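Worksheet: the structure to be examined is printed underneath.
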Amino acid sequence: MSVSRVYADVVSNMPPDYADYDSVNITWESPDRYQIVKKVGRGKYSEVFKGIDMQTGEPISIKYLKPVRFKKIKREIKIMQQLTGGPSILPLLSTVMNEETKAPSLITKWVETKDYREFYMNLTDYQLRYYFYKILVGLDYAHSKGIMHRDIKPQNILIDYVTKEVYIIDWGLADYYKPHEKYNVRVSTRNYKGPELLTNDNDYDYSLDIWSLSCMLLGIVFNRTPFFRGKDNFEQLRKIEEVLGSEDLNRYITKYNLKLNKETKCLLGDFEKRPWSDFINRATEKFINDDLFDFLDRTLVYDHNDRLTAKEAMAHKWFDPVRDDVERELEKWRQSAVAKKSDVEPSKKVKLDGCRERLQKQKKEETDLAYLAENEKSVRQLWDQYSNLFVESSQFGSERPISCCRVNGTRLLTGCFGGELRLWDLDSSNMLKSWRAHDDRICSVDWNPCGAGGPLCASSSLDKTAKLWGWKDDAPVLLQTLSGHLGRVTTVKFHPSGGFVGTVSCDCSFRLWDVATGQQLLLQDGHAREVFGLDFQCDGSLAATCDQSGVCRVWDLRTGRCVSTLQGHVKGMLCCCFAPNGFQFATGSDDNTVKIWDLRKQKSIYTVPAHNSVVPDVRFDKTGEFLATCSFDHTVKVWSTRNYKCLRVLEGHDSRVSGIDFMADKVGVVSCSHDKTWKKWSNDCGVMDFQPGRLAAHCAAHKKVRKPVHQPLLVAKGEFARCPQLQQGIPVPSPFSQPCFDGTPSVAPTPGDNVCFDVPRDYIVPPFMHMEDYYIRECLAMPTHAAVGFSPAPPGLRIPCVIPSPPVMPIINPVVYSNNQDIGTSDLQYIPENLFAKTSIFVRSVYTGKVKWFNNKKGYGFIIPDANPDISTDVFVHQTSIKSNGFRFLKEGESVEFDLADGQKGKVAVNVCAPGGLPFSRVLM
């Protein structure tokens, strides 16, 4: 048993509640006053952010405390409150807690510092002694209050290189010293642990901080940080023994009758004490002197009762050159602190009262405006000046912020911070149902694409579960609870087949579940950090997950293996979404950007500087022509996927926008926010037209032609004709995937754009079916650029049906070549723009599933086969005469040569209209 030589009776001489942190009364303030700027660090029990005090404009530090025993949080806060105002102690400015998430944070002063490895190496010998003297001043002050830090290391010492102030931070492991009390030895960082911790000596005291500080000094003066580098606690003691020798260690163990672990005993040996001169490094010779060696000999001692105390260390001769200078500065600091306290106290109360009044007034104004937006239709037009759009419908009144939303037809499902799910009617904006789904905040929701007879929707939560919901007797019914994740379930997503559901979690795993039984089918824990994003490819064969380390992984669901790992974001990813084409997808990140990835090239092809804050959600529309993003900067943006230019900025939310989705029945956007509202965006005609202009429909005449003779099919020649899969390394679609295209025409391209498609071979290869007479749609006025017009069909001519259903190969999105510049999705060369009308096959139709060439007096064209003779179909007609040397249907791997109007030679590889009505022509030169 041993007792500290200094400050042993501090706590016992204080009132009983001095060290009673269980009964401490903490005043939690609202975090609304502070705004996060960036993340600057993380530890085992906390994460640290740089922030701004919105009232004063001063930078501050925000330390978010991870979920631990609340007793530990109370101890840290009480100790910081007692030490605030002391020398070399980082002051605690405020304690805040989010009302919804109950997440506590500590607000402290911001310190402009540099990386300690770079900073200490550039110091002079005088500066090193100066800063370490100030550290000892702070430690002696804490010890005089009866407090041990127990985690001194370079990361917990901040030095302001501008003001030369020193601050000791992170008091999370600190505790009060009471003589003869047994303390936990599982404290401090391994490479800075004292021998008392490594030998299971529970009866330690303030001298533990002196050992850790001297270890920190060793690493600096010998350019070896950390100096004692043990792989674990057992080897750590051996590393110390190799330098300080075995004789003093054995004497220390015998004196206090310590019992070592078996692993530690096996590693210990018989070593002589080595002189400090053995470790001199040329880079740090400026620090070396006899006084330094003597200081190390007196502080790095096995027996903690024989070490110098903080006060004795300050009196050591190594600090003689700086002691007077530092003491003069401290005296000035003490005098200014007393003067400031007497001046600030009277005005502090008045200032705080004024701040509270302003906050209450601001909250009342925000509430009034929100109710006006709900009840006054004229308020909608206010948003038009910002975005050329207005809020068609805004629902206000949720008791908690809305964290996520998803659209299914005319229904909207929203999840709230309080664990409630709410079902809304998009047409009337009325709430249909509300029920308590989880015990904590809901992170994500999703609709089942095949919900008939099974689960209707799914939800995930901070309570580490995901739930599948059905509908019975006009009420929600819980069908399955998916339990197994060790952390919060951040995203839940139904597989396109409707038979499976995927979840990702903060436990770094991705899991696939059987919808019918709730059984876990697949577990992948290949991520290094928390996983936030999940989406399935439209054919169901691939899944993409992304995490907070900035890594996105693509999984083959048939084998369960990762087939692609993509990195590129500066910070962590929060969401991902596959495009309808199946080989591109988008990710949103903490770095305020959105990246577009191409699985064929295995890299990012676009980086969109989308917002001024983090991007929690991204969504493609069903045609793949538009991308919607939302952000914590309170905005929603809509982008064109042709050139990724921002088409609309939707402003109107008063807080963070947490979710976004496209409307299903018309082109519009639904967003939800932490301002407790969701909004439906559209323009005055009820359809959101994202195009800068409109195209006039081309005139068309219709007549009949005879049934073509059955011949071998035209096979597409190009990158998709060489291989039945999208690209080498991307798996073939799964057998349980289902087509989802409904034949709805997409929006026409912008005039002047040369629109080109990559079309999978499956759209050309299916067997041709004999047909009756077909209608021909003939273009009377051929445009000079790639374009398409939608003209109403004459009586008796209906839009062709998809018979049979389209193949399971995903629909490939249009790729735009602005001024014929390849953006990186094809290796083919395209003809100049001025020759486009002369050489390309101009295609006009609503849908093409299978095609066949034909030849008549007007030129070459395509026929859409149809199994139903009563349904007329369109024919694509080429209006320009082509001098062909005899035309025949192509075999696989072949192409046809023809003479261009100006005598050039060309090859037609494939000409077809992809679903949605957008044409393209691929010509190999």
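The backbone N, Cα and C atoms fix where each Cβ goes, and this holds for glycine too.
Here TrEMBL flags 323-376 as coiled coil. In the predicted structure, the coiled coil (323-376) carries a mean pLDDT of 67.
According to TrEMBL, the feature domain 'Protein kinase' maps to 34-319.
For 846-914, the entry in TrEMBL reads domain 'CSD'.
The repeat 'WD' annotation in TrEMBL covers 482-523 (among others).
What TrEMBL records for 524-565 (among others) is repeat 'WD'.
Applying DSSP to the repeat 'WD' (566-607) sorts its residues as follows: 0 helix, 24 strand, 18 coil. What TrEMBL lists as repeat 'WD' is 566-607 (among others).
DSSP labels the residues of the repeat 'WD' (608-649) in these numbers: 0 helix, 20 strand, 22 coil. Marked as repeat 'WD' by TrEMBL: 608-649 (among others).
Residues or ranges marked as repeat 'WD' by TrEMBL: 650-682 (among others). Taking DSSP states H, G and I as helix and E and B as strand, the repeat 'WD' (650-682) has 0 helix, 19 strand, 14 coil.
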